[in-house]
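> Can you keep this structure in mind? I'll have questions shortly.
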Amino acid sequence: MCFNRVIKVQHGQKISNFKSQLTGSLLAVAFLTSFGSSMLYGYNLAVVNSPAVYIKDFYNKTALSRNGTGLSGETLTLMYSLTVSVFAIGGLLGSLIVGMLVTRFGRKGTVVNTTVLVFVAGSLMGFSRICNSPEMVIIGRFITGIHSGISLSVVPMYLGEIAPKNLRGFLGLVPSIFIGTGVFAAQILGLHELLGKEEHWPLFLSVVVVPTFIQLMLLPWFPESPRYLLIEKHNVHATITALKWYRAKCNIQAEIEEMQEEQRSLSSVETLSVWNLLLDDTVRRQVVSVVVINIGMQLSGIDAIWFYTNDIFENAGIPAPEIQYTTAGTGIIEIIAGLIGCFTIEKLGRRPLMIGGFAMMGICSAGITFALILQAHLLFMRYLSVCCVVGIIAGFCIGPAGVPFLITAELFKQSHRPAAYIVGGSLNWLSNFTVGFVFPFLQMSAGSYCYLVFAAICLSVAVYVYIVIPETKNKTFMEISRMFSKKEAVLETQGLIHVDQLKLKKMNGYGGVEHTSLEFDSSSSVP
């Protein structure tokens with residue numbers, strides 16, 4: 001009975017601690033950064049699908065007015081494909097310069113200063129039809145890609161640094177919810193009853209300036225990342241002021257001491273370049289982990305699923321006029337799955353969400369292959385394929401959509417973090433572009449079996465996370481760093497002892513030491 005009471009009291013303390021540290025300032029910054037930056041990424045992913053016919057018609061009419069002849073079907077397809085894919089090229093460029101920006105302007109400063117890109121891009125796309133210029137649409141898409149490439153890295157970095165350790169996962173997944181919200185907003189606004197008409201497509205593309213304007217008006221009133229202020233700018237007074245903004249009435253001394261400990265460990269280390277990060281043996285496992293989960297996030301096939309959703313729904317017997325509403329319904333699933341991940345990550349941890357998410361995607365990808373093959377013989381397989389699409393989207397949004405960006409922040413110290421985000425972000429965008437470019441050819445050559453490739457990738461990433469990446473829930477950045485250092489030391493010690501064993505065996509012709517057992521202190525192992 002007494003034990004049960006203790007458990008109840010401790011559980012109550014955890015709940016009250018959660019509520020006391022989840023301040024209005026933290027929620028406001030998470031909302032503003034995600035609403036004005038992360039949401040635009042999701043919106044721009046889906047915004048060109050609905051007005052595709054109208055944009056192509058605009059390109060053709062412009063060429064006709066300029067040259068007296070319209071565009072061929074191949075040229076028109078090429079121009080529209082460029083309009084879609086140039087977003088990923090801009091994203092790659094944005095991810096490559098984010099390290100320089102966050103070091104110079106800070107985390108919040110980068111978010112605020114890069115809003116100018118959205119206003120420039122929105123103006124170009126909004127006035128493109130008036131100016132009879134398809135080039136303005138393409139350039140506008142490229143600039144929005146740059147902004148999204150920066151935002152996908154800097155927003156999780158900013159939220160991860162201002163959050164207390166017991167809320168870092170919760171706040172770190174807020175951007176992924178808004179990415180899903182952006183996709184859903186593009187699907188809803190693209191309906192024919194709203195902005196899906198021909199005369200509205202320039203407005204449909206440029207409406208992104210509205211959330212960014214709200215962000216620009218409100219976010220500058222909030223402080224910069226305390227870790228950036230103390231560790232990189234050595235401004236103790238500004239650090240204390242920022243912590244008082246972001247924390248409830250509690251003792252912030254322990255948190256400052258933890259930052260100072262990290263600052264002392266980095267006293268002779270400047271912010272690393274990408275090349276130096278790749279050469280640093282002390283973070284090799286962390287770098288490989290970031291590479292695997294970021295590539296796996298895009299090569300999971302989620303973009304291909306979004307591309308093929310309408311066809312799968314059509315094969316399932318859904319009437320063509322209703323498919324747009326059914327597709328919009330998948331946007332609701334994305335938001336719900338993202339909320340589930342956000343509100344369970346601090347209880348379950350990072351590993352279960354990533355392992356479960358990737359495993360669910362892998363199983364459902366294999367399910368789509370079998371459903372598409374057998375649906376001609378078994379009628380219910382059509383509905384199974386729809387369920388598998390929903391399962392892949394839900395599995396992705398629960399964990400793989402947001403946790404990789406959070407993990408990238410948690411696995412590295414302050415000096416390594418910007419370079420790590422450059423590596424993760426650039427690989428993410430390269431993989432995104434690769435899937436978009438290769439998938440049509442893969443589909444033509446492999447048919448329904450193409451989804452088995454995605455299934456194998458998803459299951460492989462799930463196994464990697466299970467074996468290699470430790471749980472980082474409720475740990476400080478220094479604790480996570482020491483955890484990896486300890487594991488490296490154990491592995492190195494085991495390797496040296498194994499070599500010594502081999503040498504002894506060679507020296508003793510009778511193999512007298514082959515049965516010698518070496519015992520390790522169990523406390524030296526890493527959980």
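Heads up, the Cβ atoms here are built off N, Cα and C, so glycines get one too.
Nobody curates TrEMBL annotations by hand; they come from automatic prediction.
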> Looking at the ranges 44-66, 136-158, which is given as transmembrane segment in TrEMBL?
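Spelled out, TrEMBL records transmembrane segment over residues 136-158, not the other listed ranges.
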> With TrEMBL as the source, identify the stretch among 21-43, 481-503 annotated transmembrane segment.
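In TrEMBL, residues 21-43 carry the label transmembrane segment.
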> With TrEMBL as the source, which of 110-130, 257-277 is set down as transmembrane segment?
110-130
> Restricting to CB pairs under 8 Å, which listed stretch, 78-103, 110-130, 170-189, 353-374, is in contact most with the transmembrane segment (136-158)?
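When the Cβ pairs under 8 Å are tallied, 78-103 comes out ahead.
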> Do at least three C-beta pairs under 8 angstroms join the transmembrane segment (170-189) to the transmembrane segment (419-442), pairs 6 or more apart in sequence?
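Result for the transmembrane segment (170-189) with the transmembrane segment (419-442) is no.
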